[in-house]
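Colleague: Here it is, the structure in full.
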Amino acid sequence: MAATTEKDLTARTTANIEAASDTVSLEEKSEREILERPNEITQDAQIGVQKAEATALVWSKTALYATYAWIWVCFFILNLQFSISNNMIYYAYAGFSSAPQISQAYILSTIIGGVLQLPIAKTLNLWGRAEGFLVFVGVLIVGIIVIASCNGPNGFAAGYTLYWIGYTAVNFILVVFVADASGLRNRAFAYAFIGTPTICTAFVGPLAAQAFYAHSTWRWAYGCFAIVIFFTFVPLALVFKFYQRKAEKTGVFVRDPSGRTPLQSFRHYFREFDLVGAFLLMAAFVLFLLPFSLETYGFSGYSSATFISMVVIGVLLFPVFAIWERFFAPTAFIKWQLFKNRTVLGACILAAVIFFNYYTWDQYYYYYLQVVYNLNTANTGYMTQIYSVGSTLWAVLFGIWIRQTKHFQKTCLYFGAPLMLLGAGLMIHFRGAESKIGYLVMCQIFIAFGGGTLVIGDEMAVMAAADRDGVPMMIAMISLAGSFGGAIGYAVAGAIYANTFPQALLRGLPDDLKGDSATVYLGGSTAQVMYPPGSAARNAINHAWTESQKYECITATAVVVLAFPAIAMWKNYNVDRKQVKGTVI
């Protein structure tokens with residue numbers, strides 16, 4: 001009897017341990033593995049994660065700091081190229097008579113480039129960071145070469161699609177490099193640090209573009225970066241490959257032959273990659289986001305069958321993906337434990353809110369400043385850069401704050417979200433020519449500081465909730481959630497503008513100019529600034545812009561309210577714990 005009782009007790013104890021193991025969170029399991037085997041790669045991790053761990057286990061502090069410096073240079077080059085491209089693309093448009101084809105390519109490349117981050121994240125884990133980086137650097141360079149050498153809109157469209165896919169992928173992989181080489185406590189500061197090139201390129205980019213326009217051509221403005229990117233980015237990948245080989249030679253990383261036939265390898269990667277789940281999720285995002293972009297550029301209306309059917313099918317595919325991942329996927333595309341995590345859900349909602357807010361008030365902000373405040377191009381550009389520069393500078397300070405306090409949730413909830421709400425709300429009041437522009441600068445600073453807090457906090461939330469394997473996928477998820485919110489914000493801003501500006505303009509114009517209202521509206525800021533400040537026509541135009549901006553700012557302010565419950569969903573993580581192995585910052 002006693003033996004039976006002891007056996008039952010042992011069985012119950014084992015069952016309790018297994019049950020407890022199932023309830024342990026992913027981040028706790030990851031930390032336990034690091035504490036128990038700090039100098040060994042994680043044996044059950046995917047090969048890409050093992051390579052990243054092996055690199056960190058064999059390189060020195062000097063190599064780590066040098067690599068960070070080189071990553072900063074890569075971000076500087078990437079941001080500089082993007083800034084120059086944003087200015088030179090208008091001169092490229094001028095050379096083609098079929099610009100709408102370029103707009104279609106812009107829509108598709110933006111959507112595809114964003115959605116591809118999910119399979120890229122999976123590829124980095126299954127294959128390796130350096131390998132994926134080299135592939136997409138190649139795609140980026142090929143895209144730039146095609147753009148620089150194209151002879152028409154079709155060639156430009158093809159090149160721009162390749163360019164944008166490569167650009168978003170390379171930017172994403174650089175962020176993953178930083179996550180691999182930083183501890184959780186210092187990661188917020190590391191992320192903010194690599195964003196600081198924006199401060200330089202925000203002002204240098206337009207000047208460089210002007211120099212290219214004055215002394216060269218738009219083709220060379222693109223083409224020269226094919227050379228610069230090759231000699232800047234390839235050495236970074238070779239550094240990671242060098243230390244990976246060093247880890248193999250020292251026995252830290254042992255590559256075991258799989259022994260699989262080509263057919264078995266295909267089946268293995270088909271199962272590990274979860275192609276069905278990847279297809280469902282990518283299709284859901286594409287079908288949902290694409291119609292909003294098509295509407296924004298005038299290719300499809302809200303009432304069209306194309307718009308409605310694509311949005312409905314896209315929305316329905318999200319629960320289909322969730323059901324597949326939960327009950328049918330042999331290997332989950334996104335770990336179910338992360339998929340249902342309240343912190344991850346709240347972070348995705350917040351990302352959508354941030355981008356919805358930004359694109360709602362920002363879409364027509366440039367033209368509003370030019371017309372209502374009669375600013376020249378340079379001063380308008382400086383005004384629109386306040387958010388980028390301000391949020392970047394503040395993010396560095398917030399990164400230091402997180403390092404010292406070891407927490408971020410309360411700061412986002414009680415400082416970041418209220419400050420963004422305050423800035424957006426004050427924009428409602430201080431819009432229009434009757435208000436001094438200094439008040440708008442103040443509002444922009446509030447929004448920038450709030451945004452800098454929330455963006456860094458959002459990234460930290462998903463990374464703190466994930467294990468080492470899940471970090472790339474979580475970064476991709478909040479990026480996609482941001483695209484989700486941004487697409488809706490674009491569409492809402494466009495709808496508000498189209499339904500308020502023409503009517504307000506028609507009401508305000510003198511009777512003898514009412515017949516020109518369509519020309520003034522369709523001509524945009526270029527036609528509107530031709531009317532002298534103080535004239536009846538210019539006053540009517542300013543009033544129309546004020547009305548349009550009022551409703552856009554009201555919408556942007558209202559959506560920020562959702563940030564509070566989204567942040568409240570987060571777990572109040574302590575970042576003073578282990579998430580990565582080896583020598584990291």
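Heads up, the Cβ atoms here are built off N, Cα and C, so glycines get one too.
Heads up, here are the entries from Swiss-Prot:
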| type | residues | note |
| --- | --- | --- |
| CARBOHYD | Asn341 | N-linked glycosylation site |
| TRANSMEM | 64-84 | transmembrane segment |
| TRANSMEM | 107-127 | transmembrane segment |
| TRANSMEM | 158-178 | transmembrane segment |
| TRANSMEM | 188-208 | transmembrane segment |
| TRANSMEM | 220-240 | transmembrane segment |
| TRANSMEM | 304-324 | transmembrane segment |
| TRANSMEM | 344-364 | transmembrane segment |
| TRANSMEM | 382-402 | transmembrane segment |
| TRANSMEM | 410-430 | transmembrane segment |
| TRANSMEM | 437-457 | transmembrane segment |
| TRANSMEM | 473-493 | transmembrane segment |
| TRANSMEM | 550-570 | transmembrane segment |
Colleague: Would you mind listing, in sequence order, the residues at least six apart from Asn341 (N-linked glycosylation site) in the same chain with a Cβ closer than 8 Å to its Cβ?
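Modeller: Same-chain residues close to Asn341 (N-linked glycosylation site) (Cβ under 8 Å, separated by 6 or more) are Ala465.
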Colleague: Other than its close neighbours in sequence, what residues sit by the transmembrane segment (437-457), given a CB gap under 8 Å and a spacing of at least six beyond its ends?
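Modeller: Beyond its ends, the transmembrane segment (437-457) has Cβ neighbours at 188, 191-192, 350, 354, 358, 369, 373, 383, 386-395, 398-399, 402, 408-409, 411-412, 415-424, 426-427, 430-431, 563, 567.
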Colleague: For the transmembrane segment (410-430) and the transmembrane segment (550-570), decide whether they are in contact, meaning at least 3 CB pairs lie under 8 A, counting pairs 6 or more apart in sequence.
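Modeller: The transmembrane segment (550-570) and the transmembrane segment (410-430): touching, yes.
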Colleague: Apart from its near flanks, which chain residues at least 6 from the ends of the transmembrane segment (382-402) lie with a Cβ under 8 angstroms of it?
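Modeller: Hits for the transmembrane segment (382-402): 185-186, 188-193, 195-196, 198-199, 202-203, 358, 362, 365-366, 369, 375, 408, 411, 437, 440-441, 444-445, 447-449, 451-453, 455-457, 460, 575.
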Colleague: With CB pairs under 8 Å as the measure, which of the listed stretches 220-240, 344-364, 550-570 comes out on top against the transmembrane segment (473-493)?
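Modeller: The stretch with the most contacts is 344-364.
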Colleague: Same chain only, please: residues at least 6 beyond the ends of the transmembrane segment (344-364) with a C-beta under 8 Å from a C-beta of the stretch. Say none if there are none.
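Modeller: Long-range Cβ neighbours of the transmembrane segment (344-364): 338, 384, 387, 420, 424, 427, 451, 454-455, 458, 461-462, 465-466, 474, 477-479, 481-486, 488-490, 492-494, 497, 545, 548-549, 552-553, 555-556, 559-560, 562-563, 565-570.
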